[in-house]
Amino acid sequence: MKPVWVLMSAIGVVGANSLVLSPIATDVARSFAGRGASDVMLASAVYGAGTALSALFLAPQADRIGLKRALLWALTVLAAALVASALAPTLPVLVLAQGVTGLGAGLALPAIYGLAADIAPKGQESETLGKVLTGWTLSLVAGVSLSAVLADLLHWRAVFAVMAVASASLWVSVRRLEVTRKVAAEVSTSPLGAFRVAGVKPVLVAVAAFMGAFYGVYAFLGTHMTATLGYSTAIAGLASLIYGIGFGAVAPLDRLIDRFGAAKAAPVVFVALMLVYLLMAGVAQSGAAVLGVCLIWGAVNHLGLNIMVGQLSALSISQRGAILGLYSATTYAAMFIGTAAFGRVYSAYGFQVIAVLSAICILPAVIGAVLRRGTTLMPAQ
(Lines of atoms letter the chains of each structure in order from A and count residues from 1; the text may use other names and numbers.)
(Lines give C-alpha, C1' and ligand atoms only; values in the text may rest on other atoms or scores of the structure.)
Protein backbone atom coordinates (compact mmCIF):
# COMPACT_ATOMS: atom_id res chain seq x y z
CA MET A 1 0.00 0.00 0.00
CA LYS A 2 1.31 3.46 -0.91
CA PRO A 3 2.37 5.61 2.07
CA VAL A 4 -0.26 8.27 1.36
CA TRP A 5 -3.02 5.62 1.45
CA VAL A 6 -1.69 4.23 4.72
CA LEU A 7 -1.74 7.67 6.33
CA MET A 8 -5.18 8.43 4.88
CA SER A 9 -6.52 5.19 6.36
CA ALA A 10 -4.93 6.02 9.71
CA ILE A 11 -6.75 9.38 9.74
CA GLY A 12 -9.96 7.52 8.89
CA VAL A 13 -9.66 5.12 11.83
CA VAL A 14 -8.64 7.78 14.36
CA GLY A 15 -11.33 10.17 13.16
CA ALA A 16 -14.03 7.50 13.10
CA ASN A 17 -13.52 6.73 16.78
CA SER A 18 -14.18 10.37 17.65
CA LEU A 19 -17.54 10.18 15.86
CA VAL A 20 -18.94 6.68 16.44
CA LEU A 21 -20.40 7.13 19.91
CA SER A 22 -22.98 9.73 18.96
CA PRO A 23 -25.05 7.57 16.57
CA ILE A 24 -24.83 4.43 18.75
CA ALA A 25 -25.10 6.04 22.22
CA THR A 26 -28.65 4.79 22.78
CA ASP A 27 -27.65 1.22 21.88
CA VAL A 28 -24.65 1.39 24.19
CA ALA A 29 -26.78 2.70 27.06
CA ARG A 30 -29.11 -0.32 26.82
CA SER A 31 -26.20 -2.57 27.76
CA PHE A 32 -25.71 -0.80 31.08
CA ALA A 33 -28.63 -0.81 33.50
CA GLY A 34 -29.88 2.58 34.57
CA ARG A 35 -27.77 4.48 32.05
CA GLY A 36 -28.90 6.86 29.30
CA ALA A 37 -27.37 8.16 26.09
CA SER A 38 -26.15 11.30 27.88
CA ASP A 39 -24.22 9.12 30.34
CA VAL A 40 -22.58 7.28 27.46
CA MET A 41 -21.50 10.54 25.82
CA LEU A 42 -19.29 11.18 28.85
CA ALA A 43 -16.94 8.70 27.18
CA SER A 44 -16.76 11.02 24.17
CA ALA A 45 -15.84 13.96 26.40
CA VAL A 46 -13.15 11.93 28.17
CA TYR A 47 -11.84 10.83 24.76
CA GLY A 48 -11.48 14.49 23.78
CA ALA A 49 -9.70 15.33 27.03
CA GLY A 50 -7.31 12.41 26.56
CA THR A 51 -6.58 13.51 23.01
CA ALA A 52 -5.81 17.09 24.06
CA LEU A 53 -3.52 16.01 26.92
CA SER A 54 -1.68 13.54 24.72
CA ALA A 55 -1.26 16.10 21.94
CA LEU A 56 0.32 18.51 24.42
CA PHE A 57 2.58 16.19 26.40
CA LEU A 58 3.13 13.01 24.36
CA ALA A 59 3.29 14.37 20.80
CA PRO A 60 6.54 16.27 21.51
CA GLN A 61 8.21 12.91 22.21
CA ALA A 62 7.69 12.05 18.54
CA ASP A 63 10.39 14.57 17.63
CA ARG A 64 12.91 12.52 19.63
CA ILE A 65 11.87 8.95 18.78
CA GLY A 66 10.72 9.64 15.21
CA LEU A 67 7.27 10.14 13.74
CA LYS A 68 6.97 6.62 12.35
CA ARG A 69 7.85 5.02 15.68
CA ALA A 70 5.45 7.39 17.46
CA LEU A 71 2.64 6.37 15.12
CA LEU A 72 3.36 2.69 15.77
CA TRP A 73 3.12 3.28 19.52
CA ALA A 74 -0.09 5.24 19.03
CA LEU A 75 -1.69 2.48 16.95
CA THR A 76 -0.70 -0.07 19.59
CA VAL A 77 -2.45 1.98 22.28
CA LEU A 78 -5.47 2.50 20.01
CA ALA A 79 -5.86 -1.19 19.23
CA ALA A 80 -5.59 -2.23 22.89
CA ALA A 81 -7.96 0.51 24.11
CA LEU A 82 -10.52 -0.29 21.40
CA VAL A 83 -10.47 -3.96 22.42
CA ALA A 84 -11.06 -2.83 26.00
CA SER A 85 -13.95 -0.66 24.78
CA ALA A 86 -15.51 -3.60 22.95
CA LEU A 87 -15.25 -5.82 26.04
CA ALA A 88 -16.17 -3.17 28.64
CA PRO A 89 -18.41 -4.83 31.29
CA THR A 90 -19.50 -1.50 32.81
CA LEU A 91 -19.86 2.08 31.64
CA PRO A 92 -16.98 3.40 33.80
CA VAL A 93 -14.68 0.87 32.11
CA LEU A 94 -15.87 2.08 28.69
CA VAL A 95 -15.25 5.69 29.70
CA LEU A 96 -11.75 4.83 30.92
CA ALA A 97 -11.00 2.84 27.76
CA GLN A 98 -12.10 5.75 25.60
CA GLY A 99 -9.85 8.06 27.59
CA VAL A 100 -6.90 5.78 26.80
CA THR A 101 -8.02 5.71 23.16
CA GLY A 102 -7.82 9.50 23.22
CA LEU A 103 -4.22 9.29 24.44
CA GLY A 104 -3.41 7.20 21.39
CA ALA A 105 -5.27 9.55 19.06
CA GLY A 106 -3.51 12.61 20.45
CA LEU A 107 -0.15 11.07 19.56
CA ALA A 108 -1.31 9.59 16.25
CA LEU A 109 -2.71 12.72 14.58
CA PRO A 110 0.44 14.91 14.84
CA ALA A 111 2.55 11.93 13.76
CA ILE A 112 0.34 11.34 10.70
CA TYR A 113 0.40 14.99 9.66
CA GLY A 114 4.16 15.14 10.18
CA LEU A 115 4.74 11.98 8.14
CA ALA A 116 2.62 13.45 5.35
CA ALA A 117 5.14 16.29 5.13
CA ASP A 118 8.05 13.81 5.22
CA ILE A 119 6.78 11.64 2.35
CA ALA A 120 5.67 14.53 0.13
CA PRO A 121 7.72 15.19 -3.02
CA LYS A 122 9.22 18.67 -3.07
CA GLY A 123 6.69 21.17 -4.36
CA GLN A 124 3.77 18.81 -3.74
CA GLU A 125 3.45 19.18 0.03
CA SER A 126 -0.10 20.58 0.02
CA GLU A 127 -1.31 18.09 -2.58
CA THR A 128 0.06 15.17 -0.54
CA LEU A 129 -1.34 16.52 2.72
CA GLY A 130 -4.70 17.02 1.00
CA LYS A 131 -4.84 13.35 0.07
CA VAL A 132 -4.08 12.37 3.65
CA LEU A 133 -6.73 14.76 4.97
CA THR A 134 -9.28 12.99 2.79
CA GLY A 135 -9.15 10.32 5.49
CA TRP A 136 -11.54 12.57 7.43
CA THR A 137 -14.11 11.86 4.72
CA LEU A 138 -13.68 8.15 5.45
CA SER A 139 -14.20 8.82 9.15
CA LEU A 140 -17.35 10.86 8.55
CA VAL A 141 -18.88 8.16 6.35
CA ALA A 142 -17.77 5.26 8.54
CA GLY A 143 -18.23 7.03 11.86
CA VAL A 144 -21.70 8.41 11.24
CA SER A 145 -23.20 5.88 8.84
CA LEU A 146 -21.54 2.47 8.99
CA SER A 147 -21.23 2.39 12.78
CA ALA A 148 -25.00 2.70 13.19
CA VAL A 149 -25.59 -0.01 10.57
CA LEU A 150 -23.07 -2.34 12.21
CA ALA A 151 -24.61 -1.74 15.63
CA ASP A 152 -28.07 -2.58 14.24
CA LEU A 153 -26.95 -5.71 12.38
CA LEU A 154 -24.61 -7.10 15.05
CA HIS A 155 -23.96 -5.15 18.25
CA TRP A 156 -22.38 -1.88 19.30
CA ARG A 157 -19.40 -3.85 20.61
CA ALA A 158 -18.74 -4.97 17.04
CA VAL A 159 -18.08 -1.34 16.08
CA PHE A 160 -15.14 -1.06 18.46
CA ALA A 161 -13.95 -4.56 17.58
CA VAL A 162 -13.81 -3.69 13.88
CA MET A 163 -11.86 -0.50 14.60
CA ALA A 164 -9.44 -2.45 16.81
CA VAL A 165 -8.78 -4.85 13.94
CA ALA A 166 -8.34 -1.89 11.58
CA SER A 167 -5.82 -0.30 13.96
CA ALA A 168 -3.84 -3.54 14.18
CA SER A 169 -3.86 -3.89 10.38
CA LEU A 170 -2.62 -0.33 10.03
CA TRP A 171 0.19 -1.09 12.48
CA VAL A 172 1.48 -3.71 10.04
CA SER A 173 1.21 -1.29 7.10
CA VAL A 174 2.96 1.54 8.95
CA ARG A 175 5.72 -0.84 10.05
CA ARG A 176 6.47 -1.48 6.37
CA LEU A 177 6.64 2.20 5.44
CA GLU A 178 9.99 3.46 4.25
CA VAL A 179 10.27 6.99 5.57
CA THR A 180 13.43 9.07 5.62
CA ARG A 181 13.83 10.65 9.02
CA LYS A 182 14.83 14.22 8.25
CA VAL A 183 15.93 16.00 11.43
CA ALA A 184 15.57 14.57 14.92
CA ALA A 185 15.56 16.52 18.14
CA GLU A 186 18.42 15.48 20.41
CA VAL A 187 16.19 15.90 23.44
CA SER A 188 12.45 15.88 23.88
CA THR A 189 10.83 19.09 22.76
CA SER A 190 8.13 20.75 24.83
CA PRO A 191 4.82 22.53 24.18
CA LEU A 192 6.33 25.79 25.46
CA GLY A 193 9.38 25.43 23.22
CA ALA A 194 7.19 24.72 20.21
CA PHE A 195 4.96 27.68 21.05
CA ARG A 196 8.01 29.96 20.87
CA VAL A 197 8.88 28.95 17.31
CA ALA A 198 8.48 31.96 15.02
CA GLY A 199 5.17 31.89 13.16
CA VAL A 200 3.38 29.37 15.39
CA LYS A 201 1.23 31.80 17.38
CA PRO A 202 -0.63 33.50 14.49
CA VAL A 203 -1.42 30.16 12.84
CA LEU A 204 -2.73 28.76 16.13
CA VAL A 205 -4.98 31.82 16.44
CA ALA A 206 -6.36 30.93 13.00
CA VAL A 207 -6.81 27.31 14.11
CA ALA A 208 -8.75 28.37 17.22
CA ALA A 209 -10.99 30.67 15.17
CA PHE A 210 -11.50 28.07 12.45
CA MET A 211 -12.28 25.17 14.79
CA GLY A 212 -14.43 27.18 17.20
CA ALA A 213 -16.58 28.32 14.28
CA PHE A 214 -16.81 24.80 12.83
CA TYR A 215 -17.73 22.90 15.98
CA GLY A 216 -20.04 25.67 17.14
CA VAL A 217 -22.24 25.15 14.08
CA TYR A 218 -21.65 21.41 13.53
CA ALA A 219 -22.70 20.51 17.07
CA PHE A 220 -26.17 21.99 16.60
CA LEU A 221 -26.79 21.40 12.91
CA GLY A 222 -28.52 18.06 13.52
CA THR A 223 -30.71 19.51 16.26
CA HIS A 224 -31.70 22.40 14.00
CA MET A 225 -32.65 19.98 11.21
CA THR A 226 -34.77 17.77 13.46
CA ALA A 227 -36.14 19.97 16.25
CA THR A 228 -36.60 23.21 14.30
CA LEU A 229 -37.19 22.10 10.70
CA GLY A 230 -38.91 18.81 11.56
CA TYR A 231 -36.77 16.47 9.47
CA SER A 232 -36.07 12.87 10.46
CA THR A 233 -32.81 11.84 12.08
CA ALA A 234 -31.86 10.01 8.88
CA ILE A 235 -32.23 13.18 6.80
CA ALA A 236 -30.33 15.19 9.38
CA GLY A 237 -27.55 12.61 9.18
CA LEU A 238 -27.16 13.43 5.49
CA ALA A 239 -25.62 16.75 6.51
CA SER A 240 -22.50 14.97 7.83
CA LEU A 241 -22.35 12.72 4.79
CA ILE A 242 -22.68 15.61 2.32
CA TYR A 243 -20.12 17.63 4.27
CA GLY A 244 -17.73 14.67 4.03
CA ILE A 245 -18.29 14.36 0.28
CA GLY A 246 -17.47 18.04 -0.20
CA PHE A 247 -14.42 17.68 2.06
CA GLY A 248 -13.04 14.85 -0.06
CA ALA A 249 -14.12 16.01 -3.51
CA VAL A 250 -12.08 19.22 -3.38
CA ALA A 251 -8.77 17.40 -2.79
CA PRO A 252 -7.58 17.84 -6.43
CA LEU A 253 -7.54 21.61 -5.84
CA ASP A 254 -4.89 21.25 -3.12
CA ARG A 255 -2.22 21.47 -5.81
CA LEU A 256 -3.23 25.12 -6.29
CA ILE A 257 -2.02 25.80 -2.74
CA ASP A 258 1.39 24.42 -3.78
CA ARG A 259 1.28 26.54 -6.93
CA PHE A 260 0.34 29.89 -5.41
CA GLY A 261 1.55 29.36 -1.84
CA ALA A 262 -0.38 28.95 1.40
CA ALA A 263 0.16 32.59 2.43
CA LYS A 264 -1.56 33.86 -0.72
CA ALA A 265 -4.31 31.24 -0.64
CA ALA A 266 -5.22 31.70 3.03
CA PRO A 267 -7.04 35.08 2.79
CA VAL A 268 -9.14 33.84 -0.13
CA VAL A 269 -10.11 30.61 1.63
CA PHE A 270 -10.91 32.23 4.98
CA VAL A 271 -13.03 34.96 3.37
CA ALA A 272 -14.85 32.24 1.42
CA LEU A 273 -15.48 30.42 4.70
CA MET A 274 -16.98 33.55 6.24
CA LEU A 275 -19.33 33.81 3.27
CA VAL A 276 -20.30 30.14 3.66
CA TYR A 277 -21.39 30.72 7.26
CA LEU A 278 -23.33 33.83 6.26
CA LEU A 279 -24.98 31.87 3.44
CA MET A 280 -25.88 29.12 5.91
CA ALA A 281 -27.52 31.72 8.14
CA GLY A 282 -29.45 33.08 5.19
CA VAL A 283 -30.88 29.71 4.12
CA ALA A 284 -31.27 28.24 7.62
CA GLN A 285 -35.04 27.79 7.26
CA SER A 286 -34.68 25.53 4.20
CA GLY A 287 -33.38 22.04 4.96
CA ALA A 288 -32.55 21.32 1.31
CA ALA A 289 -30.59 24.56 1.00
CA VAL A 290 -28.69 23.85 4.23
CA LEU A 291 -27.66 20.44 2.86
CA GLY A 292 -26.44 22.13 -0.31
CA VAL A 293 -24.37 24.60 1.70
CA CYS A 294 -22.86 21.66 3.64
CA LEU A 295 -21.24 20.47 0.40
CA ILE A 296 -19.54 23.85 -0.09
CA TRP A 297 -18.74 24.03 3.63
CA GLY A 298 -16.88 20.73 3.50
CA ALA A 299 -14.89 21.80 0.44
CA VAL A 300 -13.80 25.16 1.87
CA ASN A 301 -12.98 23.63 5.27
CA HIS A 302 -10.73 21.08 3.57
CA LEU A 303 -8.71 23.85 1.93
CA GLY A 304 -8.50 25.83 5.17
CA LEU A 305 -7.35 22.80 7.14
CA ASN A 306 -4.72 22.01 4.52
CA ILE A 307 -3.36 25.55 4.67
CA MET A 308 -3.09 25.65 8.47
CA VAL A 309 -1.58 22.17 8.93
CA GLY A 310 0.79 22.78 6.03
CA GLN A 311 1.97 26.09 7.47
CA LEU A 312 2.58 24.58 10.90
CA SER A 313 4.42 21.59 9.42
CA ALA A 314 6.79 23.94 7.58
CA LEU A 315 7.82 26.00 10.60
CA SER A 316 10.32 23.61 12.20
CA ILE A 317 11.37 20.17 11.03
CA SER A 318 12.95 19.11 14.34
CA GLN A 319 9.93 20.25 16.40
CA ARG A 320 7.23 19.20 13.96
CA GLY A 321 5.63 16.71 16.37
CA ALA A 322 5.40 19.26 19.19
CA ILE A 323 4.02 21.97 16.91
CA LEU A 324 1.38 19.68 15.44
CA GLY A 325 0.59 18.56 18.98
CA LEU A 326 -0.23 22.18 19.76
CA TYR A 327 -2.47 22.17 16.71
CA SER A 328 -4.41 19.13 17.96
CA ALA A 329 -4.66 20.53 21.49
CA THR A 330 -5.94 23.85 20.13
CA THR A 331 -8.48 21.99 18.00
CA TYR A 332 -9.95 20.08 20.93
CA ALA A 333 -9.91 23.13 23.20
CA ALA A 334 -11.79 25.09 20.53
CA MET A 335 -14.23 22.19 20.15
CA PHE A 336 -14.99 22.22 23.88
CA ILE A 337 -15.22 26.00 24.25
CA GLY A 338 -17.04 26.52 20.95
CA THR A 339 -19.66 23.87 21.65
CA ALA A 340 -20.30 25.14 25.18
CA ALA A 341 -20.46 28.82 24.22
CA PHE A 342 -22.51 28.30 21.06
CA GLY A 343 -24.91 26.07 22.98
CA ARG A 344 -26.05 28.98 25.11
CA VAL A 345 -26.45 31.22 22.08
CA TYR A 346 -28.33 28.52 20.17
CA SER A 347 -30.75 27.97 23.06
CA ALA A 348 -31.48 31.69 23.28
CA TYR A 349 -31.43 32.82 19.65
CA GLY A 350 -31.43 29.83 17.31
CA PHE A 351 -29.31 28.44 14.48
CA GLN A 352 -29.18 31.53 12.26
CA VAL A 353 -27.47 33.56 14.96
CA ILE A 354 -24.79 30.94 15.66
CA ALA A 355 -24.06 30.71 11.93
CA VAL A 356 -23.48 34.48 11.88
CA LEU A 357 -21.39 34.14 15.05
CA SER A 358 -19.23 31.55 13.27
CA ALA A 359 -18.64 34.01 10.44
CA ILE A 360 -17.51 36.58 13.01
CA CYS A 361 -15.21 33.99 14.62
CA ILE A 362 -13.36 33.60 11.31
CA LEU A 363 -12.42 37.31 11.30
CA PRO A 364 -9.16 36.85 13.30
CA ALA A 365 -8.07 34.19 10.80
CA VAL A 366 -8.86 36.53 7.89
CA ILE A 367 -7.00 39.47 9.43
CA GLY A 368 -3.97 37.35 10.29
CA ALA A 369 -3.90 35.83 6.81
CA VAL A 370 -4.05 39.26 5.16
CA LEU A 371 -1.20 40.54 7.33
CA ARG A 372 0.94 37.50 6.46
CA ARG A 373 0.06 37.55 2.75
CA GLY A 374 3.15 37.41 0.59
CA THR A 375 5.38 35.95 3.31
CA THR A 376 7.22 32.69 2.75
CA LEU A 377 7.69 30.26 5.63
CA MET A 378 11.26 29.00 5.93
CA PRO A 379 11.56 25.88 8.08
CA ALA A 380 13.84 26.06 11.08
CA GLN A 381 15.92 23.05 11.91
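Residue numbering: from 1, along the chain as shown.
Backbone N, Cα and C atoms are what each Cβ position is placed from, and that goes for glycine too.
Annotation comment: TrEMBL describes 3-376 as domain 'Major facilitator superfamily (MFS) profile'.
The feature transmembrane segment is assigned by TrEMBL to 40-58 (among others).
Taken from TrEMBL, the feature transmembrane segment covers 70-88 (among others). Below 8 angstroms of C-beta separation, residues 10, 13-14, 17, 59, 61-62, 94, 96-98, 100-101, 103-105, 107-108, 111-112, 115, 157-161, 163-164, 167-168, 170-171, 174-175, 321 of the same chain, each at least six residues beyond the ends of the transmembrane segment (70-88), sit close to that stretch.
If you look up TrEMBL, you'll see 94-116 (among others) marked as transmembrane segment.
Per TrEMBL, transmembrane segment is recorded for 128-150 (among others).
If you look up TrEMBL, you'll see 156-174 (among others) marked as transmembrane segment.
The transmembrane segment annotation in TrEMBL covers 203-221 (among others).
The feature transmembrane segment is assigned by TrEMBL to 233-253 (among others). Sequence-remote contacts of a segment are chain residues at least 6 beyond its ends whose Cβ falls under 8 Å from one of its Cβ atoms, and for the transmembrane segment (233-253) they are 23, 130-131, 133-134, 136-137, 140-141, 144-145, 221-222, 225-226, 287, 290-291, 294-303.
Feature annotation from TrEMBL assigns transmembrane segment to 265-283 (among others).
Under the heading transmembrane segment, TrEMBL lists 289-309 (among others).
Summarising the annotation, TrEMBL assigns transmembrane segment to 321-343 (among others).
Residues annotated as transmembrane segment in TrEMBL: 349-371 (among others).
By the Cβ criterion (distance under 8 Å, sequence gap of 6 or more), the transmembrane segment (349-371) is counted as touching the transmembrane segment (265-283), at least 3 such pairs being found. Scored by C-beta pairs under 8 angstroms, the transmembrane segment (203-221) has its highest count with 321-343, from the stretches 94-116, 156-174, 321-343. Taking the domain 'Major facilitator superfamily (MFS) profile' (3-376) as a whole, pLDDT averages 87 in the prediction. Proximity of distant same-chain residues to the transmembrane segment (94-116), defined by a Cβ-Cβ separation under 8 Å and at least 6 residues beyond the stretch ends, is recorded for 3-4, 7, 10-11, 14, 17-18, 21, 28, 40, 42-44, 46-56, 58-59, 61-62, 67-68, 70-71, 73-78, 80-82, 84-85, 88, 128-129, 132, 177, 179, 309, 313, 320-321, 323-325, 327-329. Away from its own ends, the transmembrane segment (289-309) comes close to residues 113, 126, 129-130, 133-134, 203, 206-207, 210, 214, 221, 224-225, 238-239, 242-251, 253-254, 257, 262, 265-266, 269-270, 272-273, 276, 279-280, 283, 324, 327, 365 of its chain (Cβ-Cβ under 8 Å, at least six residues beyond either end).
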